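First the structure, in the form of structure tokens, and then the observations on it.
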């Protein structure tokens with residue numbers, strides 16, 4: 001039974017609803033709707049000019065309506081009279097096929113048709129920085145190896161504990177918070193869930209972290225590589241696939257190597273097979289490739305892959321299998337679109353199952369120290385353009401995630417790349433002025 005948002009508002013003393021959708025660039029767009037108007041909005045959606053956001057629409061297109069999914073509603077823990085609700089984009093009574101949440105829901109349905117239910121968890125890393133974005137916010141956070149630094153995490157206790165308290169209140173079952181590998185960097189973990197719920201939570205988490213940071217006079221950034229020499233922001237995804245009832249882990253087989261079933265290996269095979277193209281989605285910005293292809297950081301490791309390899313419980317590879325029945329994809333970064341991350345995982349994995357893709361040889365080596373010894377593993381893209389070209393050339397993955405989405409995404413991302421290429425940098429001036 002669908003939750004009545006008007007009744008929810010009366011019960012929770014909600015004054016306003018934020019009807020929110022995410023565009024192709026990961027931008028979160030919303031209208032603030034008074035509770036008195038939510039009944040009509042729940043039925044018809046909130047109207048937007050689609051051209052005004054990144055969805056590959058023109059000014060001539062009719063209104064885009066964001067129809068709230070009542071099952072996703074969250075009362076803001078820090079502002080109780082406002083509720084946030086994720087929405088699906090509709091135009092002329094039809095889904096907008098390139099809209100990220102629509103793309104994900106279609107792939108969830110495809111997996112269900114094959115008797116599969118995908119569950120994931122994400123680990124979004126972020127920096128707490130000054131309000132102007134110029135430096136990390138804690139002037140005393142200067143250790144060469146700051147990961148898990150007890151003093152540093154407690155100096156930001158007010159921010160981290162407030163966010164964690166809100167996750168506890170929302171029933172997300174958070175289980176740990178830590179200072180990450182870069183100065184000023186943090187990670188907060190909560191329990192895995194069905195992919196759509198994980199994507200909605202991921203989207204809300206970014207909104208919540210930024211809001212709480214602003215409340216404390218700070219700024220939170222999920223930018224992949226905001227500071228030269230420091231470890232970048234990853235967004236590792238832990239993936240498992242279950243039967244449609246969510247009771248039997250289809251990836252788990254104690255008799256198989258790494259505890260990963262034959263079906264799990266073909267799903268992983270799809271991830272490995274399509275990895276260079278996958279990067280166009282999991283690493284969607286120019287800055288993303290400053291993380292993937294970074295030299296050694298201050299701490300001694302980038303903690304990000306640059307080669308398409310997999311392993312057991314070893315964090316130097318693109319895919320880690322830490323235990324039976326699941327694997328960790330370490331490729332995505334903090335700029336990844338919460339909905340497209342989950343969508344591309346399902347698309348590549350299902351294509352892998354259908355084609356019986358082999359994940360190839362696993363490696364037990366330290367890729368940071370010995371990666372040069374691996375001669376036959378593909379390198380990940382050097383930059384966004386290489387990733388876009390890999391995605392455009394991967395007809396199987398484009399078909400799996402959807403032709404309308406693929407066309408719109410490639411068009412807009414090529415425009416972004418071209419804008420970057422026309423930008424004049426200080427490096428060019430320093431390197432060329434006196435030639």
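All residue numbers here begin at 1 and follow the chain in the order shown.
Using N, Cα and C of the backbone, Cβ positions are placed for all residues, glycine too.
Quick look at what Swiss-Prot annotates:
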{"type": "BINDING", "residues": "123, 236, 328", "note": "Mg(2+) 1 binding site"}
{"type": "BINDING", "residues": "125, 180, 187", "note": "Mg(2+) 2 binding site"}
{"type": "BINDING", "residues": "232, 291, 315, 330", "note": "L-glutamate binding site"}
{"type": "BINDING", "residues": "240, 315, 320", "note": "ATP binding site"}
{"type": "DOMAIN", "residues": "12-94", "note": "domain 'GS beta-grasp'"}
{"type": "DOMAIN", "residues": "100-435", "note": "domain 'GS catalytic'"}
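Sequence features, as recorded in Swiss-Prot, placed on the structure.
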| residue | record | contacts (Cβ under 8 Å, 6+ apart) |
| --- | --- | --- |
| 123 | Mg(2+) 1 binding site | 187, 189, 234, 235, 236, 237, 238 |
| 125 | Mg(2+) 2 binding site | 180, 185, 186, 187, 222, 233, 234, 235, 334 |
| 232 | L-glutamate binding site | 182, 224, 225, 226, 290, 291, 294, 302, 304, 333, 334 |
| 240 | ATP binding site | 118, 119, 120, 192, 249, 251, 252, 325, 326 |
| 315 | L-glutamate binding site | 303, 330 |
| 320 | ATP binding site | 310, 311, 312, 313, 314, 327, 328, 330 |
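Other residues of the same chain near the L-glutamate site, with their Cβ within 8 Å of the Cβ centroid of 232, 291, 315, 330, are 231, 234, 236, 292, 302, 303, 304, 305, 331, 333. Here the domain 'GS beta-grasp' (12-94) is broken down by DSSP into helix, strand and coil counts: 17 helix, 35 strand, 31 coil. A 10 Å cutoff on Cβ-Cβ distances gives residue 328 (Mg(2+) 1 binding site) a total of 21 other Cβ atoms nearby, all chains included. Within 8 Å of the Cβ centroid of the Mg(2+) 1 site, not counting the listed residues 123, 236, 328, the chain contributes 121, 122, 234, 235, 237, 238, 329, 330. Set side by side, the binding-site residues 236, 291, 330 differ in how many other CB atoms lie within 10 angstroms of their CB, and the most is found at 291. Within the set 240, 315, 320 that the record links to ATP, no two Cα atoms are more than 18 Å apart, and one pair reaches that distance.
Residue 187 (Mg(2+) 2 binding site) has a Cβ environment of 20 other Cβ atoms inside 10 Å.
Surrounding the centroid of the Cβ atoms of 125, 180, 187, where the record places Mg(2+) 2, the chain contributes additional residues within 8 Å, namely 123, 124, 126, 178, 179, 181, 185, 186, 188, 233, 234. Annotation note: residue 123 (Mg(2+) 1 binding site) sits in a strand segment as assigned by DSSP. With 232, 291, 315, 330 listed as the residues that bind L-glutamate, the site has a largest C-alpha separation of 15 Å.
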